[in-house]
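Student: According to TrEMBL, the protein carries these features:
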TRANSMEM  6-25  transmembrane segment
TRANSMEM  37-57  transmembrane segment
TRANSMEM  63-89  transmembrane segment
Amino acid sequence: VYWPLFVLIFYFICPIPHFIAKRVSDDSDAASSACRELAYFFTTGIVVSAFGFPIILARVEAIKWGACGLVLAGNAVIFLTILGFFLVFGRGDDFSWEQW
């Protein structure tokens, strides 16, 4: 049963709102812009949907609960990895990791 693989779509679209907000908003002000807040909102919706999708599949018995647990564990690992990437490489600092 390959239904849980549809969660890969959520992995790919998760960073898109952040990239769009970073490109649109100017970094001159220290306050958080409305565009960045909207990107956080959309990203949160995508992450919550990625966690809800396997639960719904398990409730309608399209997948077994064990597979649901494995997908939820994989979601936690992937989304924490994406968060770590943005925390390390996302901000401009003196070391300039952004040149890579």
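From the backbone N, Cα and C atoms, a Cβ is placed for every residue, glycine too.
Tell me about the surroundings of these features in the structure.
Tutor: Nonlocal intrachain contacts for the transmembrane segment (6-25), taken as residues 6+ away from its ends with a CB within less than 8 angstroms of a stretch CB, comprise 33, 35-36, 38-40, 42-43, 46-47, 49-50, 53-54, 71, 74-75, 78-79, 82, 86.
Residues of the same chain lying 6 or more positions beyond the ends of the transmembrane segment (37-57) and with a Cβ under 8 Å from any Cβ of it are 3-4, 6-7, 10-11, 13-15, 17-18, 20-21, 63, 67-68, 71-72, 75, 79.
Beyond the transmembrane segment (63-89), the same-chain residues lying 6 or more positions past its ends with a Cβ under 8 Å from any Cβ of the stretch are 1, 3-4, 7, 11, 14-15, 18, 47, 50-51, 54-55, 57, 97-98.
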